[in-house]
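A.B. asks: Pasting in a structure now, in structure tokens, and then I'll have a few things to ask.
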Amino acid sequence: MMKVLVVFALLVTLISYSSSEGIDDLEADELLSLMANEQTRAKACTPRYYDCSHDRHSCCRSSMFKDVCTCFYPEGGDNKEVCTCQQPKHLKYMEKATDKIKNLFG
């Protein structure tokens, strides 16, 4: 029960923060310039379901969370490890719930 309350409080905080319009123009401009500089510095990310075995920290971000490089051994007797960028199920459900709440109130 406590975990549910903590997750709910976290979601409410994220939604209220993302929908707040308290950033003034100067801070918004500074933030945009910092983000532009960061994106020019960043290397290309690995899209979801693509091979990430070369760099396990290169997975792209979804709308809220970063995908995780998940490694597994495929069925069929091949002992070669396969790694792909995937979104964990709990994060997928949190994104869907947040989107539904935003659509409901926004």
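The backbone N, Cα and C atoms fix where each Cβ goes, and this holds for glycine too.
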A.B. asks: So, in Swiss-Prot, which cysteine from CYS45, CYS83, CYS85 is disulfide-paired with CYS60?
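C.D. replies: Matching partner in the record: CYS45.
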A.B. asks: According to Swiss-Prot, which candidate among CYS83, CYS85 shares a disulfide with CYS59?
C.D. replies: CYS85
A.B. asks: Looking at the disulfide bonds in Swiss-Prot, identify which of CYS52, CYS71 pairs up with CYS69.
C.D. replies: CYS52
A.B. asks: Where does CYS45 (disulfide bond) sit in DSSP terms: helix, strand, or coil?
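C.D. replies: Coil, per DSSP.
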A.B. asks: Near CYS60 (disulfide bond) in space, meaning Cα within 10 angstroms, which of the disulfide-bonded residues do we find among CYS71, CYS83, CYS85?
C.D. replies: CYS85
A.B. asks: Select the most exposed residue of CYS45, CYS52, CYS69, CYS71, CYS83, where exposure means the fewest other Cβ atoms within 10 Å, treating these as the disulfide-bonded residues.
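C.D. replies: Counting other Cβ atoms within 10 Å of each of the disulfide-bonded residues CYS45, CYS52, CYS69, CYS71, CYS83, the minimum falls on CYS71.
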A.B. asks: Nearest to CYS45 (disulfide bond) by Cα distance: which of the disulfide-bonded residues CYS52, CYS69, CYS83 is it?
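C.D. replies: If we rank CYS52, CYS69, CYS83 by Cα distance to CYS45 (disulfide bond), first place goes to CYS52.
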A.B. asks: May I ask you to report the DSSP-based helix, strand or coil state of CYS69 (disulfide bond)?
C.D. replies: strand
